[in-house]
Amino acid sequence: MAGLAVLRYTAAARLYVTFDGATTALHEREVVSARVEKASMAASHTAVTSYRVVTVIKPPFVMRDNQTGNWSGYCIDLLNQIRDLVQFEYEIREVEDKEYGNMDEAGNWNGMVRELKDKKADIGLGALAVMAERENVVDYTVPYYDLVGISIMRRKPKAATSLFQFLTVLETDVWLCILGAYFFTSLLMWIFDKFSPYSYQNNREKYKDDEEKREFTLKECLWFCMTSLTPQGGGEAPKNLSGRLVAATWWLFGFIIIASYTANLAAFLTVSRLDAPVESLEDLSKQYKIQYAPIINSSEYRYFERMAAIENRFYEIWKDMSLNDSLSDVERAKLAVWDFPVSDKYTKMFQTMKDTGFPKNLDEALERVRAEDKTEFAFIGDATDIKYLVMTNCEFMQVGDEFSRKPYAIAVQQGSPLKDQFNNAILMMLNKRKLEALKDQWWNKNPLKQQCDKADDQSDGISIQNIGGVFIVIFVGIGLACVTLIFEYYYYRYRPQARQRHQDRSSKTKFAPGITKPMKFNLRPAPTQSFEQTDTGTSGGGGGGGHRSRY
């Protein structure tokens, strides 16, 4: 609108006048009546207090829609509520280097802290952690969020499943040896039963009064050895002593094999649950199977770098003290130890991270976590970043407790009156539980939150993925039985000799010839008393009739 005058008040208490898009800064507390009066003659002017806000995009604290350019998130809602209490307007933009602010060795700052230090911005908004070195150049408001630390993120473990896991309990050569022993024992039992004079088939007269008469043909021996390995049992054992010795040896062999198989099967189904889990940074530092690293030049990277430097400095101090020639023998003896008295955990971890390689950005870190390589990768990063990734992606999980925890706060220029105004507004919101409502809105009720399945629990039973092969075996066995039945039927039908023998047996048992029916034994209970009456007279008449009775 032409002729519109807008007054802008910055954190440094400077007054700005915007007239037809041109902005002019006047000295503090100076009178700008000349231009204001000129603008007022053309149109009425409107005075608005406006601040420059810089931020870093980080879901769910600060987000931006690339299509509409609208800002949203926890911090945006927080700033809007503070604006309603303090009465101001703001212009927000993302900092160019997308950094919160770190100081290099030369003492130069970058990111949001650099913008505030150089007075290019009035408010630093975002998930900005309160740090001692930052407080030397900027002022912080009271924290608006809980303590947030560093956390560890891994890919959710997927237990190796196999439908035929019950077959992997024993190695292939063991299964082949068992199969060979089965056929060898069956063949040996058949030979012993065939040539032993005391077997049933060679001495039928001796065993004719026995209730169970079993001739151990080759087929019967194969069946006996197979059923002996099951709880059903093999049934009647051979009559000859040599055959019984073979059966007893097979039973002992089968007992040991089944006992070993059962024990190993239980171990195989639970071994994945007995792996020592990584539940903390201490556990991560003591193992070598999982690689880990933070993003290079991030705050987490600097944390481990500084901790390693502190440990190294302690070592140098101890070494200088223990090797000091001016010490007496008693003083030197007090410093003489077999092991280094200060922990070198962070030194070893930082060296391991160097060997692993630091991800350049978050996308690269996520790719390495997702990669299903033999060596797993764990990402070490900000706890809120990891919590948001776990909340929106069911592939990841957060491991262990947070460490090096710091609060989040809003940063302003040093000496800015905004600090007290924002402090009062944040405390007022805290008393009215509005901060808690914002946290619930953007975490628990976030529309992007995924409903992930619960992690595997040690109390869970055996899954179908591990035991399903047993059911496949049942269907395969039934299928083989059906094929065998069809083969038996057609083999018997198109074999003339077998068909003729069947017809002969059918005529004896009063079955119609030519009909292939299974043989049936006409068994009836023994009669207690029966009578038969038979007419023996001749046809035509007159003869006497004779009767015969049978008991």
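A Cβ is built for glycine as well, from the same backbone N, Cα and C atoms used for every other residue.
Going by TrEMBL, these are the annotated features:
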| type | residues | note |
| --- | --- | --- |
| BINDING | Arg134, Ser299, Asp382 | L-glutamate binding site |
| COMPBIAS | 527-537 | compositional bias 'Polar residues' |
| COMPBIAS | 538-551 | compositional bias 'Gly residues' |
| DOMAIN | 50-445 | domain 'Ionotropic glutamate receptor C-terminal' |
| SITE | Val278 | site 'Crucial to convey clamshell closure to channel opening' |
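Overlay of TrEMBL feature records on the structure.
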residue : record                                                        : DSSP (3 states)
Arg134  : L-glutamate binding site                                      : helix
Val278  : site 'Crucial to convey clamshell closure to channel opening' : coil
Ser299  : L-glutamate binding site                                      : helix
Asp382  : L-glutamate binding site                                      : strand
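Across the residues the record lists as binding L-glutamate (Arg134, Ser299, Asp382), the two Cα atoms farthest apart are 18 Å from each other. Here the CA atom of Asp382 (L-glutamate binding site) lies 18 Å from the CA atom of Val278 (site 'Crucial to convey clamshell closure to channel opening'). Around the Cβ of Arg134 (L-glutamate binding site), the same chain contributes Gly101, Val113, Tyr140, Ala411, each under 8 angstroms and 6 or more positions distant in sequence. Just so you know, the Cβ of Asp382 (L-glutamate binding site) picks up 22 other Cβ atoms within 10 Å once every protein chain is counted.
Taken as a whole, the domain 'Ionotropic glutamate receptor C-terminal' (50-445) shows an average pLDDT of 88 in this prediction.
Taking the mean position of the Cβ atoms of Arg134, Ser299, Asp382 as the L-glutamate site, the remaining same-chain residues with a Cβ inside 8 Å of that point are Tyr100, Asn102, Leu128, Ala129, Met131, Ser298, Lys406. Long-range neighbours of Ser299 (L-glutamate binding site) (same chain, six or more residues apart, CB within less than 8 Å of its CB): Tyr100, Asn102, Ala129, Asp382. Other Cβ atoms within 10 Å of the Cβ of Val278 (site 'Crucial to convey clamshell closure to channel opening') number 21 in total over all chains.
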